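According to TrEMBL, the protein has these features:
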COMPBIAS  1180-1200  compositional bias 'Basic and acidic residues'
COMPBIAS  1258-1268  compositional bias 'Basic and acidic residues'
DOMAIN    24-111  domain 'Ig-like'
DOMAIN    122-212  domain 'Ig-like'
DOMAIN    248-336  domain 'Ig-like'
DOMAIN    341-428  domain 'Ig-like'
DOMAIN    434-521  domain 'Ig-like'
DOMAIN    525-612  domain 'Ig-like'
DOMAIN    630-725  domain 'Fibronectin type-III'
DOMAIN    727-824  domain 'Fibronectin type-III'
DOMAIN    829-931  domain 'Fibronectin type-III'
DOMAIN    935-1031  domain 'Fibronectin type-III'
REGION    1180-1284  region 'Disordered'
TRANSMEM  1149-1171  transmembrane segment
């Protein structure tokens, strides 16, 4: 017989269920979020099993999807899987939410909602990038802004040669794809900063237009010019920052703190990118605990902290620090961990018999707490027909008294804002007779003293009851040495040979009975009797390791030898015999540890010994020591009944003195072939006096031992037989213990064959009840180690003794041992139960002990069971889970800790012995006094104003008594976190809200709130709030500035010293209006200018204003979320009119008269010239012009009779330093009323003889040359040239 390998129970049960009616079960489906490739057919999986096989249908976007009407859609045979052919079609036509339904006559199962979306890789929007000019040393951000793809693209930066741009602690790519420079170098100048986006689904790569960056070294520019550059701030990216060293500040995220949300099980990525010179280094730590080292990693040169498999414990404040040699900056990221629904316990399929009760549980968790909705056969339970046998309680469905034909599939849907879970669980109502699934006649083999497990897997509805029988005798009970598990398996804790035999398991329910037979064989263990021993062997000599084994004769052993836990060398010098290993001609390489391993099919045993090789005398010129030769000529003298004298002649010592002699014996009568150590003698002796036992056949041998090792054994002596006699000793380890309430089991350790002293060994067992005048009762047994006395009283003391007896007499008189008959469960309960309540959380319980006669066993203690019935606030009982305390020994009192104040409790007490528990005492009620309350359930702050706010709170969840009121303390906190004076207020217990007035505006307050009972105040909860900033807070001023070419105004804003918020942006709103009120009605067209507000006080220059005009200006302060947190009152700015010394010539009388005279003179000259020309003559001016042709003055065109255009090429060349836009357009001021139009600008020019050429040709020249002028505002160099 041999051990068998059996199929797992789950597999056997699955095979059985395939033959029975079964509702549908979804076995395979597509993922919830399914992104498809538009170039391939769409495959939406839906596979299910059931009996009969289910049919399938689909919904799309909540309505029925008729597969047969769409020629492009195919449903696979015997399956719900859809194959959609999109050749010639657009994949987006099939986008939507799909759900599969599998149904048969026993129920309906549904799949998840499968969201089908087409992968997308949109093109980059067309844009033209101007070159970015930046000063060396300042920070820079190159924005990528990739198109939103599905799924999102992977971003990377490369150059024109498709080589990745090098990144380091100074230059790195952010999570959003932007390229950050902590400070720029001259080497950063290049024209091929290209952002690429790779879309993984379609494997396409798109690129952004190249970005050109020019880094300028400002040291080479005149300080005045540099100041003007920074003043006008038109050419450079960002606001001016000196190129010298500076301490770090954060580029992303902005401000001192930010928040980020992560989902449980997802990946959290935190990013901090800093600028500064020298380049700052970034480090991270968690303020409220340690970083999860096993799940975290740093990326992007320590700028990104990545935490995988996010847990709730990962929530908290993470602080990143940027540091260089000039200082450091800090940013705190508050991480909130939320969770999509996740399973604690998903509903499991139920197989119920008619009239049985079953429970479906759908335990989920998440943050926010998921909402649970139940459906049956795909229809919400609230919309399904009413079923009196079904009761829904939140996450549980209770089915009572089910009937045949009520099989169904239930769906549990748990959802919150981050996702949902959907589970199907069927309830299959079956009436099936038992089936035993374990194959019949299995043979189980086990080694003695090991546990044995006998299977009896079964199926039936109702669930069968399993009963075991051994050898067709009485049934096996669930107690030592047997344990019957819930699945029917029979366990024998410590198998013995007497447990071998035939076992029968019977599975039964109300529909029938089935039985199965299995067999157990308990085998003897494998043991090494003669182990290999340590050896020191001369080189080129022989080494022999002995390994004799005893094993069960029905098992086939296999002997293996190992050297240093590896295989033996492949060398013919190594000879393996059945019980030894011989190594011939040993060498130094043979040294090591040799292990013999004896294996059987059930167990193994092993033993090891070391081999040491020494150099022989022939190799070194002198004789080295060896083990001695074995003794010879063994003789037995002075032979007596119980002793004999053994003499021998020592062998050659081989240069190592003999240290001792070992005498061994073999008992041919009881253990032939096994040698036992008998005695040792000094190395100088050659005789030994040997004490012997009766009734034994002795042979002796001797081994000599020196420093090198043991000699070979001597030849055995002649056999010496001793005569039989009465036993010398009695059995040991005598015990008396009852296994049943009416028996006493007397056990002992049997004598060995050598101890029997003669044939016919038996044991005389004696017993009597202790302290009772009665005679000893006795029974003689053979070949046994225990005897069972039946019909004893329950748990009474007995005196027991066991005496050895053989054919030659009795052993010595045995000593009595006290034992006890079997226990039974106690008969009575403790009485006079009293409870002394110490305080709201502790009580003492006292009771009278149970009489010893009623305990009926060994007293183990008293078990106090107590539970909280309800709070004294509540009228209805809400019993909580029972708590149990065991007080060991013969106690009469105990303490009950952990009670809840102001509650009604119930307790009872049971006495416990070795057999079990007695009946409970009558239930005893007691009440705990009031205690301090728990913390208020919440404290909320609402309706925050400049000088007031509203507080709302909820009562404690644990009042622990009658609430007497609430205490509120609050105090202001300044920007350095220093606390101000404390204000205290009291409120009655029935209030839940209060309005606090007379608070300081723009101030942070900290609130402390707790509840009170007559016992005192409970724990305090805290909150903080900030009052709104005063509308007039902060100073907002203006100053007008002008020169010959433009009018401007400075606006300055100085915020209050302490702000409860972080300023992100200042926005100026500017409106032009009539200088004389009232202001014009109607829609107001405001102009908005925004600047960075992180530096606190701001001074901003408003340009392009008109003289003599009034402006209304107001300032709005925004935070990081672009929310308005403060606005100022409107400020009126009035620009003065043109100064009096700037006289408008067009309004002067003398100038008008002069112009009129000149015009009249010119008219007269023109008339004269006309007359002269008609006469064919030439006037003097004409002659002068013909003689000195001015190349700058073009003659009149003959074809159209117009004057030639005048071109002042020198004056209209672009100024050095100006830029010409690529589109050739010129931006003009919004107002045409400029000084240029009055002749004060650069376009109106006088010629050499003083004539006002610009009066006639200036407008035309402007149109002609405007394509060459800059579209940008005048540069500082242009402005300076205009002043010269």
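Using N, Cα and C of the backbone, Cβ positions are placed for all residues, glycine too.
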If contact means at least 3 Cβ pairs within less than 8 Å, sequence distance 6 or more, would you call the domain 'Ig-like' (24-111) and the domain 'Ig-like' (341-428) in contact? yes
May I have the DSSP-based helix, strand and coil counts for the residues of the domain 'Ig-like' (24-111)? 7 helix, 47 strand, 34 coil
Between the stretches 434-521, 727-824, 829-931, 935-1031, which one has more Cβ pairs under 8 Å with the domain 'Ig-like' (341-428) than any other? 434-521
Summary of DSSP states over the domain 'Ig-like' (248-336), given as helix, strand and coil counts: 3 helix, 54 strand, 32 coil
When the pLDDT values for the domain 'Fibronectin type-III' (829-931) are averaged, what is the result? 89
